[in-house]
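**Q** Sharing a structure, written as structure tokens. Questions coming.
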């Protein structure tokens with residue numbers, strides 16, 4: 001091959017990430033996200049210091065929601081990067097699955113944080129420390145304000161889609177039941193509470209409410225165990241909110257077909273199978289490529305006289321309304337029967353007059369066979385009851401001569417042979433000659449019924 005003397009060295013992983021970050025930072029839309037990310041880091045630093053000074057695990061659980069906001073900002077940057085990148089030979093379907101992976105990783109990390117809070121809370125129930133409320137309420141309102149301001153100011157397309165497409169959490173269902181009762185009394189609030197609230201806004205408000213109750217109970221009665229109970233409640237709400245999103249994004253990563261489009265896909269496939277020239281639709285496979293993007297592939301068998309381009313255009317037109325990335329393979333019906341043998345036949349194999357030897361399997365035990373029949377002669381068993389001229393599978397090859405063979409007989413030479421020579425070839429009585437013969441020979445035939453060959457009556 002060609003030797004490149006001054007070939008550039010491969011960039012490291014850090015160099016590649018820096019290059020892609022510069023590509024995203026060049027877009028002005030990402031400046032707002034980077035600004036919110038910097039403010040988020042400062043806010044997380046202050047909240048962690050206040051958690052340490054107050055010794056409150058409930059405030060720590062609420063601070064984890066602010067860390068989740070940082071993950072959502074990173075997901076939004078990845079979404080902008082995906083829109084800038086074009087499909088490559090390595091990633092032929094584009095880079096949309098990166099934002100799915102980012103949503104899945106963010107929700108799973110939030111659930112791991114909730115599990116960590118549950119573990120710490122279980123330890124605190126055994127030995128409850130003292131809680132200082134000096135900065136507990138301040139940290140609660142700072143975290144609530146920043147979380148709501150981030151969620152409402154930044155349009156995060158991946159999380160907005162997942163929050164609407166995923167199944168509702170138990171917190172949303174309970175709040176929806178309560179909202180119906182409230183809207184029955186005050187109908188003007190239906191636009192705010194119904195049909196269902198944003199899960200991120202809901203968990204921020206519910207967590208702040210739990211912290212406010214914790215502050216009041218500690219200030220009034222010095223009931224420090226309520227801080228641990230509030231931490232468990234916030235952890236359970238976090239886990240219950242993030243779990244449906246993790247399940248939905250995980251199914252997208254596993255390339256499953258969304259349940260809500262299965263009926264529409266079946267209807268479109270039935271319409272495709274009724275198109276002119278289409279004989280069969282098979283090997284269909286549809287999966288979710290990204291959030292709101294469906295990909296699929298299908299094989300279509302058509303008639304021999306059908307126009308391939310016309311059928312392809314009709315099939316694509318029908319399925320493109322639902323499947324944005326579609327691969328259709330058209331192949332015509334094959335009427336040619338498969339050949340029996342793939343080995344070429346010799347030119348003289350059909351000239352049967354040149355061949356006189358009929359090959360048959362070799363005889364395994366030639367010494368034990370009767371020359372007239374193909375049945376082995378056993379000394380302990382009587383001879384066969386019938387003897388037909390039907391060679392078995394153990395008969396040796398038969399050589400047919402052109403001059404003295406006939407299409408019938410037992411292989412004897414017909415012609416001017418005397419009758420005595422015929423008897424000498426094995427047609428005598430069994431046991432009375434040098435050669436074996438049939439069971440009923442041509443000599444010494446019994447004269448009456450009930451006697452054997454020697455004229456003696458049967459026992």
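Cβ coordinates come from backbone N, Cα and C, glycine included.
So TrEMBL has the following annotated:
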type	residues	note
DOMAIN	34-254	domain 'Cation efflux protein transmembrane'
REGION	370-390	region 'Disordered'
TRANSMEM	31-50	transmembrane segment
TRANSMEM	62-83	transmembrane segment
TRANSMEM	95-116	transmembrane segment
TRANSMEM	136-154	transmembrane segment
TRANSMEM	200-218	transmembrane segment
TRANSMEM	224-243	transmembrane segment
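Let's see these features in context: how buried, what's close, how far.
**A** Among residues of the same chain six or more beyond the transmembrane segment (31-50), those with a C-beta under 8 A of the stretch's C-beta atoms are 25, 59-60, 63, 66-67, 69-70, 73-74, 76-77, 80, 135-136, 138-139, 142-143, 146, 150, 153-154.
A Cβ distance under 8 Å defines the sequence-distant neighbours of the transmembrane segment (62-83), meaning residues of its chain 6+ beyond its ends; these are 20, 23-24, 27, 29-30, 33-34, 36-37, 40-41, 43-44, 47-48, 51, 94-96, 98-99, 102-103, 105-106, 109-110, 113-114, 117, 139-140, 143, 146-147, 150-151, 154-159, 203-204, 207-208, 211, 234, 238.
Beyond the ends of the transmembrane segment (95-116), by six or more residues, the same chain brings 61, 64-65, 67-68, 71-72, 74-75, 78-79, 81-82, 85, 87, 158-159, 162, 235-236, 238-239, 242-243, 245-246, 249-250, 252-253, 289-291, 293 to within a C-beta distance below 8 angstroms of the stretch.
With a threshold of 8 Å between CB atoms, the same-chain residues lying at least 6 positions outside the transmembrane segment (136-154) that come near it are 32-33, 36, 39-40, 43, 46-47, 50-51, 54, 56, 59, 62-63, 65-66, 69, 72-73, 76, 198, 200-201, 204-205, 207-208, 211-212, 214-215, 218.
If you look at the transmembrane segment (200-218), the same-chain residues 6 or more away from its ends with a CB under 8 A from one of its CBs are 56, 58-59, 61-62, 65, 131, 133, 136-137, 140-141, 143-144, 147-148, 151-152, 159, 163, 171-172, 175, 224, 226-227, 230, 233-234, 237-238, 241.
Remote same-chain residues near the transmembrane segment (224-243) are listed as 56-58, 60-62, 64-65, 107-108, 110-111, 113-115, 117-118, 120-121, 124-125, 128-131, 169-172, 199-200, 202-203, 206-207, 210-211, 213-214, 217-218 (criterion: CB distance under 8 Å, separation of at least six residues from the stretch ends).
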